[in-house]
(Lines of atoms letter the chains of each structure in order from A and count residues from 1; the text may use other names and numbers.)
(Lines give C-alpha, C1' and ligand atoms only; values in the text may rest on other atoms or scores of the structure.)
Protein backbone atom coordinates (compact mmCIF):
# COMPACT_ATOMS: atom_id res chain seq x y z
CA UNK A 1 0.00 0.00 0.00
CA UNK A 2 1.31 3.42 -0.96
CA UNK A 3 -0.11 6.60 0.59
CA UNK A 4 0.60 9.93 -1.11
CA UNK A 5 0.02 13.07 0.97
CA UNK A 6 -1.27 16.02 -1.05
CA UNK A 7 -1.48 19.50 0.50
CA UNK A 8 -3.48 22.22 -1.28
CA UNK A 9 -2.51 25.66 0.06
CA UNK A 10 -4.54 28.78 -0.66
CA UNK A 11 -2.69 32.04 -1.23
CA UNK A 12 -2.48 34.76 1.41
CA UNK A 13 -4.86 37.70 1.56
CA UNK A 14 -5.01 40.35 -1.15
CA UNK A 15 -6.65 43.77 -1.12
CA UNK A 16 -9.35 42.27 -3.35
CA UNK A 17 -10.08 39.65 -0.66
CA UNK A 18 -10.23 42.34 2.01
CA UNK A 19 -12.59 44.44 -0.13
CA UNK A 20 -14.95 41.58 -1.14
CA UNK A 21 -13.98 42.01 -4.78
CA UNK A 22 -14.07 39.14 -7.30
CA UNK A 23 -10.55 38.31 -8.50
CA UNK A 24 -10.91 35.25 -10.67
CA UNK A 25 -7.86 35.22 -12.91
CA UNK A 26 -6.97 38.88 -12.42
CA UNK A 27 -3.34 39.03 -11.29
CA UNK A 28 -3.37 40.64 -7.84
CA UNK A 29 -0.67 40.85 -5.18
CA UNK A 30 -0.56 39.88 -1.53
CA UNK A 31 -1.38 42.53 1.05
CA UNK A 32 0.89 43.10 4.05
CA UNK A 33 -1.35 40.76 6.04
CA UNK A 34 -1.25 38.27 3.18
CA UNK A 35 2.54 38.18 3.30
CA UNK A 36 2.39 37.58 7.06
CA UNK A 37 -0.11 34.77 6.49
CA UNK A 38 2.11 33.20 3.83
CA UNK A 39 5.10 33.31 6.19
CA UNK A 40 3.10 31.72 9.01
CA UNK A 41 1.86 28.92 6.75
CA UNK A 42 5.39 28.38 5.45
CA UNK A 43 6.72 28.02 8.98
CA UNK A 44 4.27 25.17 9.63
CA UNK A 45 4.35 23.41 6.27
CA UNK A 46 8.13 23.55 5.80
CA UNK A 47 8.43 21.23 8.79
CA UNK A 48 6.63 18.62 6.68
CA UNK A 49 9.62 18.66 4.29
CA UNK A 50 7.64 18.97 1.04
CA UNK A 51 8.79 16.70 -1.75
CA UNK A 52 7.64 19.17 -4.39
CA UNK A 53 5.89 22.55 -4.56
CA UNK A 54 3.83 23.45 -7.63
CA UNK A 55 2.06 26.81 -7.90
CA UNK A 56 -0.45 28.68 -9.97
CA UNK A 57 1.31 31.35 -12.04
CA UNK A 58 -0.83 34.15 -10.58
CA UNK A 59 1.28 36.43 -8.39
CA UNK A 60 -0.70 36.02 -5.18
CA UNK A 61 -0.26 32.24 -5.29
CA UNK A 62 3.28 32.24 -6.63
CA UNK A 63 4.52 34.63 -3.93
CA UNK A 64 2.88 32.42 -1.30
CA UNK A 65 4.56 29.37 -2.84
CA UNK A 66 7.99 31.02 -3.02
CA UNK A 67 7.71 31.94 0.66
CA UNK A 68 7.20 28.25 1.44
CA UNK A 69 9.87 27.16 -1.01
CA UNK A 70 12.44 29.51 0.51
CA UNK A 71 11.62 28.22 3.99
CA UNK A 72 11.75 24.58 2.87
CA UNK A 73 14.82 25.01 0.68
CA UNK A 74 13.28 23.84 -2.60
CA UNK A 75 12.45 25.54 -5.89
CA UNK A 76 8.85 26.15 -6.92
CA UNK A 77 7.43 24.79 -10.16
CA UNK A 78 4.65 26.68 -11.96
CA UNK A 79 1.57 25.27 -13.70
CA UNK A 80 -1.06 27.57 -15.24
CA UNK A 81 -3.69 24.87 -14.81
CA UNK A 82 -3.75 25.76 -11.11
CA UNK A 83 -5.15 29.25 -11.79
CA UNK A 84 -8.31 30.35 -10.05
CA UNK A 85 -11.74 29.95 -11.64
CA UNK A 86 -12.21 32.44 -14.48
CA UNK A 87 -15.16 34.56 -13.39
CA UNK A 88 -15.95 36.11 -16.76
CA UNK A 89 -17.94 39.35 -16.52
CA UNK A 90 -17.66 39.33 -12.72
CA UNK A 91 -13.91 39.78 -12.52
CA UNK A 92 -12.98 43.02 -10.78
CA UNK A 93 -16.49 43.63 -9.41
CA UNK A 94 -17.43 43.70 -5.74
CA UNK A 95 -19.95 41.22 -4.39
CA UNK A 96 -22.47 44.06 -4.11
CA UNK A 97 -21.92 45.10 -7.72
CA UNK A 98 -22.49 41.53 -8.93
CA UNK A 99 -25.64 41.25 -6.81
CA UNK A 100 -26.97 44.50 -8.27
CA UNK A 101 -26.15 43.46 -11.83
CA UNK A 102 -27.46 39.90 -11.51
CA UNK A 103 -29.62 39.33 -8.41
CA UNK A 104 -29.41 35.74 -7.20
CA UNK A 105 -26.58 34.80 -9.55
CA UNK A 106 -23.89 34.47 -6.87
CA UNK A 107 -26.16 32.14 -4.90
CA UNK A 108 -26.74 30.02 -8.00
CA UNK A 109 -22.99 29.91 -8.61
CA UNK A 110 -22.27 28.74 -5.08
CA UNK A 111 -25.07 26.15 -5.04
CA UNK A 112 -24.49 24.58 -8.47
CA UNK A 113 -21.00 23.39 -9.46
CA UNK A 114 -22.11 23.25 -13.11
CA UNK A 115 -23.11 26.94 -13.21
CA UNK A 116 -20.70 29.53 -14.62
CA UNK A 117 -20.82 33.33 -14.89
CA UNK A 118 -21.08 34.67 -18.43
CA UNK A 119 -17.68 34.25 -20.06
CA UNK A 120 -16.32 32.24 -17.13
CA UNK A 121 -15.83 28.73 -15.79
CA UNK A 122 -17.88 26.42 -13.60
CA UNK A 123 -16.31 24.42 -10.78
CA UNK A 124 -16.66 21.33 -12.97
CA UNK A 125 -14.58 23.09 -15.64
CA UNK A 126 -11.93 23.92 -13.04
CA UNK A 127 -11.77 20.33 -11.80
CA UNK A 128 -11.44 19.07 -15.37
CA UNK A 129 -8.31 21.18 -15.94
CA UNK A 130 -6.69 20.65 -12.53
CA UNK A 131 -7.18 16.91 -11.91
CA UNK A 132 -4.69 16.07 -14.70
CA UNK A 133 -2.02 17.98 -12.75
CA UNK A 134 -2.39 15.51 -9.88
CA UNK A 135 -2.59 12.54 -12.26
CA UNK A 136 0.71 13.55 -13.83
CA UNK A 137 2.34 13.91 -10.42
CA UNK A 138 1.13 10.46 -9.35
CA UNK A 139 2.61 8.99 -12.52
CA UNK A 140 5.82 11.01 -12.51
CA UNK A 141 6.93 11.40 -8.87
CA UNK A 142 8.37 7.99 -8.03
CA UNK A 143 9.39 9.05 -4.50
CA UNK A 144 5.92 10.30 -3.53
CA UNK A 145 4.69 8.06 -0.72
CA UNK A 146 7.49 5.55 -1.26
CA UNK A 147 8.33 3.30 1.71
CA UNK A 148 5.82 5.04 3.97
CA UNK A 149 7.20 8.55 3.42
CA UNK A 150 4.82 11.29 4.61
CA UNK A 151 6.58 14.07 2.67
CA UNK A 152 3.76 15.86 0.84
CA UNK A 153 3.45 17.34 -2.58
CA UNK A 154 2.15 20.89 -2.07
CA UNK A 155 0.02 22.67 -4.67
CA UNK A 156 -0.36 26.41 -4.03
CA UNK A 157 -3.48 27.79 -5.64
CA UNK A 158 -6.84 29.46 -4.98
CA UNK A 159 -9.97 28.79 -2.95
CA UNK A 160 -12.26 27.99 -5.86
CA UNK A 161 -9.77 25.69 -7.53
CA UNK A 162 -8.94 23.90 -4.29
CA UNK A 163 -12.62 23.20 -3.60
CA UNK A 164 -13.22 21.94 -7.14
CA UNK A 165 -10.07 19.81 -7.21
CA UNK A 166 -10.83 18.32 -3.80
CA UNK A 167 -14.39 17.42 -4.77
CA UNK A 168 -13.19 15.91 -8.03
CA UNK A 169 -10.46 13.81 -6.43
CA UNK A 170 -12.87 12.53 -3.78
CA UNK A 171 -15.35 11.54 -6.47
CA UNK A 172 -18.21 13.43 -4.82
CA UNK A 173 -21.46 13.62 -6.79
CA UNK A 174 -21.47 17.02 -8.49
CA UNK A 175 -24.69 17.99 -6.72
CA UNK A 176 -22.82 17.64 -3.41
CA UNK A 177 -19.77 19.74 -4.28
CA UNK A 178 -21.10 22.84 -2.45
CA UNK A 179 -20.71 20.99 0.90
CA UNK A 180 -17.05 22.03 0.75
CA UNK A 181 -17.25 25.54 2.15
CA UNK A 182 -14.97 28.53 1.88
CA UNK A 183 -11.34 28.58 2.98
CA UNK A 184 -9.40 31.22 4.85
CA UNK A 185 -6.45 32.86 3.16
CA UNK A 186 -3.21 30.84 3.54
CA UNK A 187 -5.25 27.88 4.82
CA UNK A 188 -4.77 24.40 3.46
CA UNK A 189 -6.37 21.06 2.70
CA UNK A 190 -4.71 17.67 2.97
CA UNK A 191 -5.78 14.61 1.03
CA UNK A 192 -4.23 11.15 1.07
CA UNK A 193 -4.12 9.03 -2.06
CA UNK A 194 -4.17 5.30 -1.27
CA UNK A 195 -3.13 2.79 -3.91
CA UNK A 196 -1.72 -0.69 -4.37
CA UNK A 197 0.28 0.34 -7.42
CA UNK A 198 3.27 2.52 -8.24
CA UNK A 199 1.65 5.12 -10.48
CA UNK A 200 -1.88 4.34 -11.61
CA UNK A 201 -3.91 7.48 -10.90
CA UNK A 202 -7.22 5.80 -11.73
CA UNK A 203 -6.58 3.17 -9.05
CA UNK A 204 -5.82 5.78 -6.38
CA UNK A 205 -8.48 6.24 -3.69
CA UNK A 206 -8.43 9.75 -2.23
CA UNK A 207 -9.45 10.56 1.34
CA UNK A 208 -9.88 13.98 2.95
CA UNK A 209 -7.63 14.34 6.01
CA UNK A 210 -7.83 18.07 6.73
CA UNK A 211 -10.00 20.95 5.50
CA UNK A 212 -9.26 24.65 6.10
CA UNK A 213 -6.32 24.20 8.48
CA UNK A 214 -4.28 27.32 9.16
CA UNK A 215 -1.48 28.93 11.10
CA UNK A 216 -3.33 31.64 13.00
CA UNK A 217 -2.33 35.24 12.26
CA UNK A 218 -3.62 38.24 14.21
CA UNK A 219 -6.47 40.14 12.47
CA UNK A 220 -7.14 37.31 10.03
CA UNK A 221 -10.75 36.92 8.91
CA UNK A 222 -12.52 34.42 6.66
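Glycine too: its Cβ is placed from the backbone N, Cα and C atoms.
The structure displayed is predicted, hence computed values, not measured ones.
Sequence annotations record features per position, and here TrEMBL assigns substrate binding site to 10, 11, 12, 13, 14, 15, 16, 17, 60. The secondary structure of residue 16 (substrate binding site), as reduced to three states from DSSP, is helical. Remark: residue 16 (substrate binding site) has 22, 23, 26, 28 as non-local neighbours, by Cβ distance under 8 Å and separation of at least 6 in sequence.
Long-range C-beta contacts of residue 11 (active site, tele-phosphohistidine intermediate), restricted to its own chain and to partners at least six residues apart, with a cutoff below 8 Å, comprise 30, 34, 38, 56, 58, 60, 61, 63, 64, 156, 157, 158, 185, 186. The active site, tele-phosphohistidine intermediate feature in TrEMBL is assigned to 11.
Following the DSSP three-state reduction, the secondary structure of residue 84 (active site, proton donor/acceptor) is coil. TrEMBL lists 84 with the feature active site, proton donor/acceptor.
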Open item on the list: Give me the count of other Cβ atoms within 10 A of the Cβ belonging to residue 84 (active site, proton donor/acceptor).
Closed with: 25
Task: Taking residues 10, 11, 12, 13, 14, 15, 16, 17, 60, which bind substrate in the record, the widest Cα spacing (Å, whole number) - done: 15
- [ ] Taking the Cβ of residue 12 (substrate binding site) as the reference point, list residues of the same chain whose Cβ is under 8 angstroms away and which are at least six residues distant in sequence.
- [x] 30, 31, 33, 34, 35, 36, 37, 38, 41, 60, 63, 64, 185, 186
Task: Alpha-carbon spacing, residue 84 (active site, proton donor/acceptor) to residue 10 (substrate binding site), which is rounded to whole Å - done: 10
- [ ] Around the Cβ of residue 14 (substrate binding site), how many other Cβ atoms lie within 10 Å? Please give the count over every shown protein chain.
- [x] 21
